[in-house]
Amino acid sequence: MNPYALSVLMSSLAIGTITTLSSTHWFLAWMGLEINTLAIIPLMTKTHHPRGTESATKYFLTQATASGLLLFSTTINAWTTGEWTITNLNPMTSTILTIALAMKLGIAPFHLWLPDVMQGLNLMTGLILSTWQKLAPMALLIMINHQLNSNLLMLMAILSTVVGGWGGLNQVQMRKIMAYSSVAHLGWMIMILTFSPTLTILNLIIYIILTTSMFMMMINLYSTSINKLATSWLKTPTLSALMMITLMALGGLPPTSGFLPKWLILQEMTKQHMGLMSTIMAMSALLSLFFYLRLSYAISLTTAPNMSNSNLTWRAQLKPMVTMPIIIILSLMLMPITPILLTII
């Protein structure tokens, strides 16, 4: 892609998100979400492949539907309350708005577009879709958290963690696995949203760090499926070992950073006397952990590499990514500074 066009699109992505984050008016927030959607579609189609076009079409239709719902609910809210302020909602419009933002984020049961769209993208666009595109809708949910229907959120949260775990079990494509991982993590975020928005923000930050480090390593290793992942140990042993630990962090194993949000969320849920919910969430996390473990075994020597007749890039030179070491360190070693993080947030 032309560097000028790419810089305009990336700037538009940033402007769209910042517009939504800084707005107090629903119409301005909607405009920011639309700029975000329109800026990422050319990035999806830049591969000039039918799968890329299919992904862009599915993404556009889903996001347009969600935007229509959002505009519909906010218009009704302005009609009934007489103002467009974000923090003033009535119960009916807050329910429609929750569904619209859930569609934008890919929260179950509105998640079906996400794996298919992710599969048609290249890894860098998949990284943007998994991380940057979650910021604006999640910021809106956090802004109106005290006016949301907590029962609806808890239902969607449990569905997301269970579907995210079950859906990833039978996948062999890395992008689809990361899509289901995203669904499961979003379930944890919205479960605690009405009780402790601070924990939702912490979970979102750690999810973005973990997903970014995972995608950066996949870009370096050219790994888009489990078969390609199986040869990565021979090409870059150090990076493969770090990828295994990052997968464990995504699964939420101590002492990695991924354990931190799950631990704090389960602790808060127990304080709120939600024993059954916290048990279901903890059990569904085991489903996600299973497919992360399967990927770890695919990376390690327990799975024989699928050798092909083509020339393999043995001991491949890594792409120069300055931020990758920092992101990997953050994804593995945030546990010891938990008290400082909680104080800051």
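Glycine is no exception: its Cβ is also placed from the backbone N, Cα and C atoms.
TrEMBL: automatically predicted annotations, no manual curation.
Database features, via TrEMBL:
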- 23-287: domain 'NADH:quinone oxidoreductase/Mrp antiporter transmembrane' (DOMAIN)
- 56-76: transmembrane segment (TRANSMEM)
- 96-114: transmembrane segment (TRANSMEM)
- 121-144: transmembrane segment (TRANSMEM)
- 150-170: transmembrane segment (TRANSMEM)
- 234-253: transmembrane segment (TRANSMEM)
- 273-293: transmembrane segment (TRANSMEM)
- 289-341: domain 'NADH dehydrogenase subunit 2 C-terminal' (DOMAIN)
- 322-344: transmembrane segment (TRANSMEM)
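Remote same-chain partners of the transmembrane segment (322-344), defined as residues 6 or more beyond its termini with a Cβ less than 8 Å from a stretch Cβ, comprise 198, 202, 206, 209-210, 212-213, 216-217, 220, 242, 245-246, 249, 254-260, 264. Spatially, the transmembrane segment (234-253) is adjacent to the transmembrane segment (273-293); three or more Cβ-Cβ distances between them are under 8 Å for residues at least 6 apart in sequence. On the 0 to 100 pLDDT scale, the domain 'NADH dehydrogenase subunit 2 C-terminal' (289-341) averages 73 in the predicted structure.
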